[in-house]
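Chemist: Taken from TrEMBL, the feature active site covers Lys23, Asp151. What TrEMBL lists as domain 'GHMP kinase N-terminal' is 81-156. Per TrEMBL, ATP binding site is recorded for Pro109, Val110, Ala111, Ser112, Gly113, Ile114, Gly115, Gly116, Gly117, Ser118, Ala119. What TrEMBL lists as domain 'GHMP kinase C-terminal' is 223-280.
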Amino acid sequence: MPDMGMPTSVTDDFAVAEDACAKINLALHVTGQRADGYHLLEMLVTFARHGDRLGFAPADADDFTLSGQFADVLAEDPGTNLVLKARDLLREAAGGAPPVRIHLEKNLPVASGIGGGSADAAATLRGLLRLWGVTLPSETVAGLALKLGADVPMCLKSTPLIARGIGEKIETADTLPSFAMVLANPLKGVSTPEIFRRLVTKNNPPLVLKKTPHWMEAIRTTRNDLEMPARELVPEIAEISNMLAAEGALFTRMSGSGATCFGIFETPVAALRAAERLHAARPDWYFQSTETFAGGA
Ligand SMILES: C[C@@](CO)(OP(=O)(O)O)[C@H](O)COP(=O)(O)OP(=O)(O)OC[C@H]1O[C@@H](n2ccc(N)nc2=O)[C@H](O)[C@@H]1O
Ligand SMILES: Nc1ncnc2c1ncn2[C@@H]1O[C@H](COP(=O)(O)OP(=O)(O)O)[C@@H](O)[C@H]1O
């Protein structure tokens, strides 16, 4: 059932717990391409209260367990989980660290444009730094994050921001307000490289945010350049966006490379009611009401 935030979790019993909040690309402009093929991006990004949840505790031997709505997808191949990559990378950077038990409650759909894997990797870095009592320079931690994925440095911050490059050049967006939102996904995984391959124009106009106190106005003038190729690949993206709009969303857009779309609603109650109705109409799809964090907190 849709809810407004983080429910109680099995991870609450762990020595250290961390939220891995969903990343929402409010805007994503593709402005060029690097020599190595990676695309240059300019993004306005915020984070939702809803997300995965991780627990960390001392143990006799390393251990990793999974639970949650979307655990099954990852349970097939736990050894390749980004959580373990983050653990191993941090342990190496710290010059060794004791065994640890990690639990991941997987509430976010996988490969869905809201950066669940990146948020889990970032939460692992934050959680293990705390559990192990390790202090590293912030640039070192940011470097480890970027090694784990382009979105991981942003997820490390989990606060509204503008990111450039491939996501590593970050400035906080301190005046961005909180939004009441419904996340909607037809539960069709989307391959990020495939969406980038389908891009026709790679030198689109940059992200220009009008200096206005009305952020919704500013966001309306921006784009997600990956939405058109994603719609061609997954027709349900158009359908689910129309469903959000029909439920009263003030604004809808796809996040990242999809297929998750978000609808911004007037109030948290309006978002909750919309998610309930959408869930009743399509119980096989994913609808989640949530609120995003305000900047400058
Ligand atoms: C599009 C974004 C926007 O926040 O989010 P998601 O859709 O993943 O949530 C990210 O830039 C996703 O970055 P990242 O997390 O590194 O992408 P991956 O899934 O690892 O896919 C990597 C592949 O996608 C292509 N790729 C990715 C990022 C980028 N800036 N240019 C690219 O061309 C490359 O072919 C690369 O090998
Ligand atoms: N903890 C994790 N959560 C989600 N995906 C993971 C995780 N660890 C590894 N992956 C792999 O990373 C890929 C991208 O996942 P994800 O971060 O959910 O994508 P997106 O950024 O598009 O939402 C998936 O195909 C999955 O196999």
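Quick reminder: no glycine exception, Cβ is built from N, Cα and C everywhere.
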Chemist: Is Pro109 (ATP binding site) helix, strand or coil when read with DSSP?
Modeler: coil
Chemist: Residues other than Pro109, Val110, Ala111, Ser112, Gly113, Ile114, Gly115, Gly116, Gly117, Ser118, Ala119 within 8 Å, Cβ to Cβ centroid, of the ATP site?
Modeler: Ala22, Lys23, Leu108, Gly256, Thr260
Chemist: Just counting, how many other CB atoms are there within 10 A of the CB of Gly113 (ATP binding site)?
Modeler: 31
Chemist: Where DSSP helix means H, G or I and strand means E or B, what are the helix, strand and coil counts for the domain 'GHMP kinase N-terminal' (81-156)?
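Modeler: Across the domain 'GHMP kinase N-terminal' (81-156), DSSP assigns the residues as follows: 45 helix, 6 strand, 25 coil.
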Chemist: Inside 10 Å of the Cβ of Ala111 (ATP binding site), count up the other Cβ atoms and send me the figure.
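Modeler: Excluding its own Cβ, Ala111 (ATP binding site) sees 18 Cβ atoms within 10 Å.
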Chemist: Measuring Cα to Cα, tell me the gap between Ala111 (ATP binding site) and Lys23 (active site) in whole angstrom.
Modeler: 12
Chemist: Please report how many Å separate the Cα atom of Pro109 (ATP binding site) from that of Lys23 (active site), as a whole number.
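Modeler: For Pro109 (ATP binding site) versus Lys23 (active site), the Cα atoms are 12 Å apart.
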Chemist: Under 6 Å from ligand 1 by Cβ, which recorded positions from Pro109, Ala111, Gly117, Ala119, Asp151?
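Modeler: What lies within reach of ligand 1, judged by Cβ under 6 Å, is Asp151.
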Chemist: When you measure from the Cβ of Gly115 (ATP binding site), which residues in the chain that are at least 6 apart have a Cβ under 8 Å away?
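Modeler: Gly115 (ATP binding site) has long-range Cβ partners Ala22, Lys23, Asp151, Met154, Cys155, Gly256.
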Chemist: Does any of Lys23, Pro109, Gly113, Ala119 have a Cβ within less than 6 Å of an atom of ligand 2? These are the recorded positions; tell me which, or none.
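Modeler: The ones that qualify, in sequence order, are Gly113.
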